[in-house]
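Novice: Reproduced below are the annotations present in TrEMBL:
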- K77: active site, charge relay system (ACT_SITE)
- S152: active site, charge relay system (ACT_SITE)
- 517-529: compositional bias 'Basic residues' (COMPBIAS)
- 22-463: domain 'Amidase' (DOMAIN)
- 477-529: region 'Disordered' (REGION)
Amino acid sequence: MVDAPATELLTRLRRREVASSDLVRACLDRIEALNPTIHAFLHVDREGALRAAGEWDARYARGGALPALAGLPVAVKDIICTAGMPTTCGSRILAGWVPPYDATVVSRLKDAGAVIVGKTNLDEFAMGSSTENSGFGPTRNPWDPERVPGGSSGGSAAAVAAGMTPLALGTDTGGSIRQPAGFTSIVGMKPTYGRVSRYGLVAFASSLDQVGPMARTVADAALLLQVIAGRDPKDSTSVDVPVEDYPGTLPRGVRGLRIGIVREAFGQGLQGDVGEAVRAAAAHLGSLGAALTEVSLPSIPYALPTYYLLATSEASANLARYDGVQYGLRVPTDDLFTMYTRTRRQGFGSEVKRRIMLGTYALSAGYYEGFFLKAQRVRTLIRREFLQALDAVDLVLMPVSPTVPFRLGEKVDDPLQMYLADIYTIPVNLAGLPGISVPCGFSSGLPIGLQLIGKPFDEATVLRAAYAYEQDTDWHTRRPPVVGQSRSQAVAEVHKRDHATTPPRRAPKRGAQTRQRSSRKSKKARTRK
């Protein structure tokens, strides 16, 4: 039951085939069984979740109209404020801090009937690409517990992949939803900057942060985005642009859509089988009726240094508030200045300290113009190139990450190599555009993600293209070895299906965007197990 998509679970709830309390209890039991290994959750609210589920069961019994997520379990990344539930940001400096209010996205989840089961692990203050920077220990990848789940939303990604929850919220500053989604074979979407409220999101880099959905399927992600999207008067950066019916637009398919494959994204540094899988996914979209072309974004090689000047500069300012005075950790000393320094020294981890120092340096009087302002100009150039490309095409396509998930500890001593894990996602944040990661294959049993990027506030087209691809393949139906089978069995199954170049097709559904040529039918018959 807990491995079913959210849309299916909601149907069963509405038909009274399953009770919310049974579903929530099953998720809590899965968390109890797997969290000691995976460490996806930092806090689990078993009592509160079961109480809320019981209330929804009573509402179902009374009948009448119910909200979109009534009785459905959802997890929240632990950098999003939740009233009465700890919010640590994965940092020792906020250990035990309980916010007095809900973030807007959490309020919208609750209004929609979601049952919050707990808070998920992350890189400290969302600074990282592996969830190894958490002050409370790393999260492990359900596909191989010796490897990372990506970051910084690695806890949310691992929780969804392992069936601990059908839905989760993540945040994305430089790829922190899409990269872990790609590393764990789930769907993760970064909406357009301003599409979703940031009120109650603890800031890392305020001009880049965005909250988004993480789910097992594109339809689930569309459903969750529908709930959280929209203008919020509490967040001046949220934009009053109409929110489309995302689930309703999914069946439109890709016929007639123009998709641009980014030339610069398939060069040096891209793992060979990752590139093959992504190109095969592009060809698959072409077979469904999309028009494929090549586009150039010549400035994206400069996105990484640009990001690490701008994001660290904003972090340097945002994290100045953590001083041991108002909340969180306080190291007692005889004078105020020493209390500040010792609290920050003991409370912050090494990566957070590194980024604060980088940002402070970039903002200093002697380097502000040469580093920070120059980075702002490059950011403008990158956004301009994306928008010019998107004048000619409807979507841009490239990999999510240059490699499959790497081993725990493999890159912790080499920050540059760690930063390169986000080389394909960071440009999208700098441009403020919507992007999605959808499963597109495996390499030796390890997931590969396809990234689709759209025009500002055109999440609907991004979702519909991702849905068309997903529904004509079955990558999203795979479950990691930690859920029900051994790793050797999972690897053997993947190799049987030729992981990269021949994506397996699902049986066509009535009305689906699937061609019915006899040659394709015979090919499906040969590859179907």
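Cβ from N, Cα, C; glycine included.
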Novice: Of K77, S152, which of the active-site residues has the most Cβ neighbours inside 10 Å?
Specialist: S152
Novice: For K77 (active site, charge relay system) and S152 (active site, charge relay system), determine the Cα separation and express it in whole Å.
Specialist: 9
Novice: Across the domain 'Amidase' (22-463), what does the pLDDT come to on average, as a whole number?
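Specialist: On average, pLDDT over the domain 'Amidase' (22-463) sits at 98.
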